[in-house]
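Chemist: Below is a structure I'd like to ask you about.
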Amino acid sequence: MKTVILSVNAGSSSVKLSAYTAEQGQSPIQIAEVQVSGLTAPPASLKYERGGKTIVKSREVDDQVSDQRDAFSLILKTLIEDDDLHDIQTKDDIGIICHRIVHGGDYTKPQLITNGTYHHLENLNDLAPLHNANSLPIVRLCVQDFPSARNVACFDSQFHSTIPEHIRTYPINQDIARRGRLRKYGFHGISYSFITRATAEFLGKDPSDVNIIALHLGSGASACAIKGGKSWDTSMGLTPLAGLPGATRSGSVDPSLVFHYASDVGKLSPASTKDLHISRAEEILNKQAGWKALTGTTDFRVIAAAATTTSSPTPSPNPNPNPNPDPNPDPNPDPQNQNHRLAFALLVDRISAFVGAYYVSLHGRVDALVFAGGIGERSAALRAAVVEQVGCLGFAADGDEDFDGDGGEGAVVVDVGREAAGGSDLGGRPRPRVLVCRTDEQFEMARMCAEDAEFWGSG
């Protein structure tokens, strides 16, 4: 029996919803997508697509739409009031609502949301105060207003439940660690689940036979070593702050840095509420760092353009420096361009370090290096710089400057490497591929729900 599945992805400044029809055990078919963005910088705007066709390109919405609950209510109203969207005419047409939850603690698979599940997610706010709080108000609204629908929590952390103990453990007192649930969890797991399946299909392999190094690069960025189709290691840790820098996140830094950065880091941030406790340290490293702190912008396109039109940010090591340097260097280089080059080079360095570490951790048995996420898909300059930096491991790009995420004729996975040129890696194995994957977290959540009999009332 066919039902409607809604996939809800609530961020700090936007709510995105994809609607699908599906039968149990079958692949979902997308019928609509709605996004409300700009919640933190009014006026917010709405974008609506139905059946792959743009219905509303961008429309400013009422000033009263100021938070995630308001945005979700507007999205639902948009769907129900569209007479041409025949599959959704009332709330009762919706069978399953799946919610992206960043931190799922020890959950290893999607969970049907009950009172017990919901209270457990509330308790996890202590571990992820800046992340889970965006999703829970919509979860609560859906549980109250959709009595005939099944609400399902899909966790960004669940994919990483396979990380071995020696990798996920922090070297601290283990009694305290167990009580406080202090260990590496990892995130972007819904995306990595999609990437693993899509890459395996592209390579003509079973997911259990695939070893890849995957990079989810967006305003939040992470890396993941995937061994036999399962997470082996990932750059994010207890929270999404660890690992790679992002638009406003520092990524991994010396843990004592923040205490030297400001004197009040242990105090609560003004952004805290009665139910949401955020320290100044968390606010500084999550909201006031990253490449925006270096350049003044969160737009990586601006950074990449400025960095790559001046000089290479990651020159290859040269044991014989140029004996004839420019006798007339620019005495007044543009400091803004210097900052952009610094941010670009810093990100390339951090990404390359994880690629190298994961290549070793996987014993050199790597089928592909996979770029995904908004920046991973669209920044040919970043891909080229990273691949050049890790070229000693056998990776090679094929000049994909024209691929900006919109090429590939709609393909989910595109080969941008030089596999066809032959060659081998350090171990004499065929050269690993360099791929771009258009990850789709909303689809992956809907697929998980469609395949699990429990969410259809038959498990």
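Each residue, glycine too, has its Cβ placed from N, Cα and C.
In case it helps, Swiss-Prot gives these features for our protein:
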type	residues	note
BINDING	Asn9, Glu441	Mg(2+) binding site
BINDING	Lys16, His216, Leu217, Gly218, Ser219, Gly220, Asp299, Phe300, Arg301	ATP binding site
BINDING	Arg100	substrate binding site
ACT_SITE	Asp156	active site, proton donor/acceptor
REGION	308-338	region 'Disordered'
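Context for these features, please: burial, neighbours, distances.
Modeler: Look at Asn9 (Mg(2+) binding site): DSSP puts it in a strand.
Within the same chain, no residue at least six positions away from Asp299 (ATP binding site) has a Cβ under 8 Å of its Cβ.
When other Cβ atoms within 10 Å of the Cβ of Arg100 (substrate binding site) are tallied across all protein chains shown, the result is 21.
Long-range Cβ neighbours of Asp156 (active site, proton donor/acceptor) (same chain, at least 6 residues apart, Cβ-Cβ under 8 Å): Arg100, Ile101, Val102, His103, Gly104, Phe187, His188, Gly189, Ile190, Ser191.
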Chemist: Measuring Cα to Cα, how many Å separate Asn9 (Mg(2+) binding site) from Arg301 (ATP binding site)?
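Modeler: Rounded to the nearest whole number, the Cα-Cα distance is 24 Å.
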Chemist: With every protein chain in view, how many other Cβ atoms are within 10 Å of the Cβ of Asn9 (Mg(2+) binding site)?
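Modeler: Its Cβ shell of radius 10 Å holds 21 other Cβ atoms.
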Chemist: Using Cβ-Cβ distances, find the residues under 8 Å from Glu441 (Mg(2+) binding site) that belong to the same chain and are at least 6 apart in sequence, listing them in sequence order.
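Modeler: Expected: Ser7, Asn9, Arg100, Ile190, Ser191, Phe194.
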Chemist: List every residue in the same chain as Arg301 (ATP binding site), at least 6 positions away in sequence, whose Cβ is under 8 Å from its Cβ.
Modeler: Arg378, Ser379
Chemist: Check each residue in the chain of Leu217 (ATP binding site) that is at least six apart in sequence and keep those whose C-beta is under 8 Å from its C-beta; list them in sequence order.
Modeler: Leu244, Ile351, Phe371, Ala372, Gly373, Gly374, Ile375, Gly376, Ser379, Leu382
Chemist: Near Ser219 (ATP binding site), how many other Cβ atoms are within 10 Å of its Cβ?
Modeler: 18
Chemist: Including all protein chains shown, what's the count of other C-beta atoms within 10 A of the C-beta of Lys16 (ATP binding site)?
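Modeler: So the Cβ neighbour count for Lys16 (ATP binding site) comes to 20.
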